[in-house]
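Asks: Below is a structure I'd like to ask you about.
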Amino acid sequence: MTIIVGIDPGSRVTGYGIIRQQGRHLTYLGSGCIRTVVDDMPTRLKLIYAGVSEIITQFQPDCMAIEQVFMAKNPDSALKLGQARGVAIVAGVNQDLPVFEYAARLVKKTVVGTGAADKKQVQHMVRSLLKLSASPQADAADALAIAITHCHFNQSLLRTAAVKVNPLAG
């Protein structure tokens, strides 16, 4: 059994989603958004760090999966996103979590089937895959999709490792 916290970083809204993986079975544990309403960036980063740290303390995940930085059209936006990612990663590393990074297009392709999926499609598939009664908020759905992607690739790695080390495998 593995508990994964997925993080969709943002300087104004950081989504998080927590799922438990037991073999191929995924269980939804929680999700939400850390919203920073202040204007100065250092305070926003402090709030993101504190929020992610609190979530980790509450749910005790085994690892963190986070979205990789993509190059935004606006360099200032890319820098702010990188800073938000950085404090989220530090929150995980400070609590001894291994951190795994996934590109947004890979997450969309894994969860929806196409790397060009929109937010509504991601929300719909996350709701379906986790058997939720309602769609999560967009940023929380993205974070859950990142965690689901980690489960998918983690399961693939486990199967590959079993084939390589199992002397009974043909």
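Each residue, glycine too, has its Cβ placed from N, Cα and C.
Copying in the features that Swiss-Prot gives for the protein in this structure:
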- D8: active site (ACT_SITE)
- D8, D139: Mg(2+) 1 binding site (BINDING)
- E67: active site (ACT_SITE)
- E67: Mg(2+) 2 binding site (BINDING)
- D139: active site (ACT_SITE)
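Map the listed features onto the structure and describe their local environment.
Replies: Sequence-distant neighbours of D8 (active site) (same chain, 6+ apart, CB under 8 A from its CB) are T14, G15, Y16, G17, I66, E67, D139, A140, D142, A143, I146.
In the three-state DSSP scheme, D139 (Mg(2+) 1 binding site) falls into the helix class. The number of other Cβ atoms within 10 Å of the Cβ belonging to D139 (Mg(2+) 1 binding site), over all protein chains shown, comes to 24.
E67 (active site) counts 25 other C-beta atoms within 10 Å of its own C-beta, drawing on all protein chains shown.
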